[in-house]
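*Asks:* I'd like to ask you about the structure that follows.
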Amino acid sequence: MSAKDYDFDIESVLPEEKAPQVSEAKKDYISQESTVLSGQVDFVEPEHKGFFQNLIDGFKPAREADGNGGPALKRGLSTRHMQLMSIGGAIGSGLYVGSGSALADGGPASVIINYILIGIMMFFVIYALGEMAVAYPVAGSFNTYATRFIDPAWGFAVSWNYFFNYFVTFPFELTTCAITFTFWTDVNCAVWISIFLVVVIGINLFGVRVFGEVEFVLALIKVVATVGFIILAIIINCGGVPTDHRGYIGGSIIKQKPFRHGFKGFCSVYTTAAFSFSGTEIVGLAAAEVGDPRKTLPGAVKQVFWRVAIFYIVSLILIGLLISPDDPKLMGNGSASVSPFVLAIQEANIKGLPSVFNAVIIISVISVTNSSTYTAGRTLHGMANLKQAPAFFKYTDRLGRPLIAMIVVLSFGFFAYINEANNNGNDISDTVFDWLLAISGLSNFFTWGSICLSHIMFRLAFKKQGHSLKELGFVSPMGIWGSVIGLGFNILCLMAEFYVSLFPIGGSPNANDFFQGYLAACITLVFFIGYKIYDRSHIPSLDKLDITTGLKTYEYEETKDSSDTGRFRFFKKIINTVC
């Protein structure tokens with residue numbers, strides 16, 4: 001009797017090789033996929049060799065289970081991390097301090113109107129980014145999208161501009177943090193720079209999980225502080241503070257001078273408001289380090305609505321009711337004392353609270369500093385994956401850290417010590433930082449505009465090549481027209497910045513002011529043309545645009561909402577969009 005006389009294949013009865021069981025704690029070391037595009041590889045469980053040996057081994061190259069040579073980023077961020085990062089990501093010195101100069105330049109009405117307009121713009125931008133980030137949770141995120149969906153040369157130019165923005169922001173924010181301490185003490189700024197430099201280096205060297213936990217705590221503090229200020233500001237405005245001799249304020253202050261410096265002041269506030277939202281897009285950059293982008297990113301994206309509605313608009317309306325735009329303290333020397341939030345508390349003669357809120361400002365600056373190193377390092381790593389930066393920046397260790405890119409970024413933090421050059425009675429550091437920041441001053445507009453244009457190209461190509469939106473894990477409810485509007489807003493931002501750079505408030509046209517405001521556009525154009533000549537890249541047609549590599553598609557049954565039917569469907573859609 002032979003095997004073929006039986007009703008089964010003899011190989012089917014051979015014992016199968018069982019996969020080893022992995023505990024939940026150890027699953028953190030294992031990624032869900034491995035592709036060259038996403039930069040994800042399987043993390044091999046570390047051996048128990050002792051703390052110091054594992055610490056040393058952690059710096060060794062990541063082990064690539066599939067042997068494809070792709071660099072690795074560890075998926076160590078959870079839903080909890082992403083949602084707090086999205087809420088607190090843009091709550092920082094732009095809101096707490098930058099709003100003061102905006103109030104002085106354009107008046108309270110200009111501040112409120114422009115922050116609402118920029119909030120609407122970011123609503124469209126972040127939803128477009130969220131859709132692409134769920135579909136392509138890749139290293140480099142929106143910089144990768146610009147390279148693939150727009151033009152490789154444009155992706156190269158925008159990526160380097162974006163990198164320089166956060167690369168320079170790191171030492172600048174360290175200096176800002178040190179200056180903020182002058183609110184309490186005259187201790188040399190170099191002392192505080194050293195302390196916070198060590199702290200930031202430590203946070204980043206411990207990996208993305210520690211980064212996520214630190215940002216979670218810092219964001220939570222900022223959220224609580226901002227909500228607390230809103231409540232306090234309402235009490236102050238209603239005359240509920242016994243130490244405030246002004247009594248009931250109401251709208252008496254905002255009526256005096258709602259607008260300042262005319263149209264020029266309005267345009268100036270428009271660009272200042274846009275800079276205040278810098279960092280919102282980091283949620284998309286972190287997609288490559290999120291365990292389940294489809295479940296995590298949509299919730300983080302939807303938090304943009306609440307961030308704009310509550311933390312920016314409400315708090316700035318109250319600031320406009322409490323602080324006069326003519327207050328000379330608003331245009332101070334860059335310390336925390338010029339914060340309109342601190343001024344509002346000081347004007348009410350509340351003892352102790354100004355120091356508390358000054359501490360919150362320091363925390364927010366630390367958060368921005370921490371995010372800057374994370375963003376610059378991941379951007380440089382992503383560019384190396386796309387061959388837009390030297391290949392050695394792809395190096396990733398066994399803990400999922402882009403080690404060489406991080407070392408380069410963290411090393412530039414020592415540049416903050418140039419602040420000591422001011423001790424001799426000159427302003428060398430101010431001049432140097434002004435021009436360093438000018439190199440990438442428009443990177444936000446280029447990045448946000450590129451996100452919208454990438455989404456437009458992605459949607460057009462997706463439809464052209466016969467795909468359905470039902471295949472996507474998350475779909476922007478604003479669709480392609482939301483991205484068109486978002487792109488239009490960013491073009492207006494560039495036009496407004498050109499206008500105020502050419503005709504500065506309180507001065508006549510001059511080369512210094514113009515190039516400090518618009519140098520980034522010139523440099524980006526040079527990078528774009530230079531890469532075009534070098535690579536001879538071209539814009540692909542819609543039917544040839546590569547939308548399949550790395551695309552994560554889903555069955556419609558998994559993505560549709562079974563409750564999205566019935567008489568309340570329209571209201572459910574609105575609630576699902578913002579909640």
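We count from 1, first residue shown onward.
The backbone N, Cα and C atoms fix where each Cβ goes, glycine too.
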*Asks:* Does the record from Swiss-Prot show S339 and P540 on the same side of the membrane?
*Replies:* no
*Asks:* Please indicate, using numbers and ranges, the residues of the same chain that are 6 or more beyond the topological domain 'Cytoplasmic' (130-161) and have a C-beta under 8 Å from a C-beta there.
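*Replies:* Residues 37-39, 71, 73, 281, 283-288, 290, 293-294, 297-298, 300-301, 378-379, 381-383, 385-386, 388, 440, 442-443, 446-447, 450-451, 453-455, 457-458, 461, 472-476, 520, 523-525, 527-529, 531-532, 535, 537-539, 545-546, 550-553.
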*Asks:* Hey, which of 216-236, 348-368, 514-534 has the most Cβ-Cβ pairs under 8 Å against the transmembrane segment (162-184)?
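*Replies:* Highest pair count goes to 348-368.
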*Asks:* Who are the chain neighbours of the transmembrane segment (304-324) in space, where the CB to CB distance is under 8 Å and they lie at least 6 residues beyond its ends?
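*Replies:* Sequence-distant neighbours of the transmembrane segment (304-324): 86-87, 90-91, 95, 99, 103, 108-109, 111-112, 115-116, 119-120, 122-123, 126-127, 223, 226-227, 229-230, 233-234, 236-237, 249-251, 253-254, 256-257, 276, 280, 330, 340-341, 343-344, 347, 577-578.
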*Asks:* I'm checking region-level scores; what's the whole-number mean pLDDT for the topological domain 'Extracellular' (237-265)?
*Replies:* 89
*Asks:* Do any residues of this chain, six or more beyond the ends of the transmembrane segment (109-129), have a C-beta under 8 angstroms from a C-beta of it, and if so which?
*Replies:* 99, 102-103, 141-142, 254, 258-260, 265-266, 269-270, 272-274, 276-277, 280-281, 283-284, 301, 304-305, 308-309, 312-313, 316-317, 319-320, 448, 451-452, 454-455, 476-478, 482-483, 485-486, 489-490, 493
